[in-house]
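Taken straight from Swiss-Prot:
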TOPO_DOM  26-215  topological domain 'Extracellular'
DISULFID  Cys29-Cys114  disulfide bond
DISULFID  Cys68-Cys164  disulfide bond
CARBOHYD  Asn90  N-linked glycosylation site
CARBOHYD  Asn97  N-linked glycosylation site
CARBOHYD  Asn145  N-linked glycosylation site
CARBOHYD  Asn196  N-linked glycosylation site
TRANSMEM  216-238  transmembrane segment
TOPO_DOM  239-274  topological domain 'Cytoplasmic'
Amino acid sequence: MKKTQTWIITCIYLQLLLFNPLVKTKGICGKRVTDDVKDVTKLVANLPKDYKIALKYVPGMDVLPSHCWISVMVEQLSVSLTDLLDKFSNISEGLSNYSIIDKLVKIVDDLVECTEGYSFENVKKAPKSPELRLFTPEEFFRIFNRSIDAFKDLETVASKSSECVVSSTLSPDKDSRVSVTKPFMLPPVAASSLRNDSSSSNRKASNSIGDSNLQWAAMALPAFFSLVIGFAFGALYWKKKQPNLTRTVENIQINEEDNEISMLQEKEREFQEV
């Protein structure tokens, strides 16, 4: 029985070792970026076109590889979005905007935490310090979207030999025209289709609970299947060994009966001799 239990435990540990790498290979920050980034289009449509958003921008971001500026930009985007969130917090008409910005802040904060928690070999410091500039909502969220896209490919985007050097021919005026590259396409969004989010705090709590539940499910399911497969192997091994165990028990019982018969016969002979 001890051998059977040892075999079952061994199967369980083997399955855990086999399945755990599958959970880890989903990416270091695989689920940091959620579908809430799709609401950027609504937010840009809601904000005045001449509204200005302050952002510390890395000079040469349009020409440098993404690994040269991604860590700095996610930090600066977090600061700017948090400031923007504070401006909408006390405006009842802007509850829908507040909810969208709040979700974007959470995404960017998670990306900042990821860049601080893991050492990416390809990520380098920006060649120049970020400069404070004012951007329209369309320009600002184009930078936001580009940073999100760059972060998704952060682990494979650049080689170690890539240089983070801004060309001397790049003028500040040319670099500041962010709207020239990658036009931001805005589908028509009717104001009546935007629903005021009067329960943003409840949604934040439910979203955080949902995210944690998904993470626990991702961890628990492989472990559960590992246990099931381990027990299945153990049961097959036990079933295979069961006939041998039954024969062993029967042999022991037969030997005990033979010994008892021999003892009785011996005592009977001794009694007859007396």
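Cβ from N, Cα, C; glycine included.
Sequence features annotated in Swiss-Prot and their locations in the structure.
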residue : record                      : Cβ within 10 Å
Cys68   : disulfide bond              : 25
Asn97   : N-linked glycosylation site : 22
Cys114  : disulfide bond              : 19
Asn145  : N-linked glycosylation site : 15
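Here the Cα atom of Cys68 (disulfide bond) is found 17 Å from that of Asn145 (N-linked glycosylation site). In this structure, the C-alpha atom of Cys114 (disulfide bond) lies 18 angstrom from that of Asn145 (N-linked glycosylation site). With DSSP states grouped into helix (H, G, I), strand (E, B) and coil, the topological domain 'Cytoplasmic' (239-274) comes out at 35 helix, 0 strand, 1 coil.
In this structure, Cys114 (disulfide bond) is part of a helix by DSSP. The two recorded residues, Asn145 (N-linked glycosylation site) and Asn97 (N-linked glycosylation site), show a Cα separation of 17 Å. Each residue in the topological domain 'Extracellular' (26-215) has a pLDDT score, and their mean in this model is 68.
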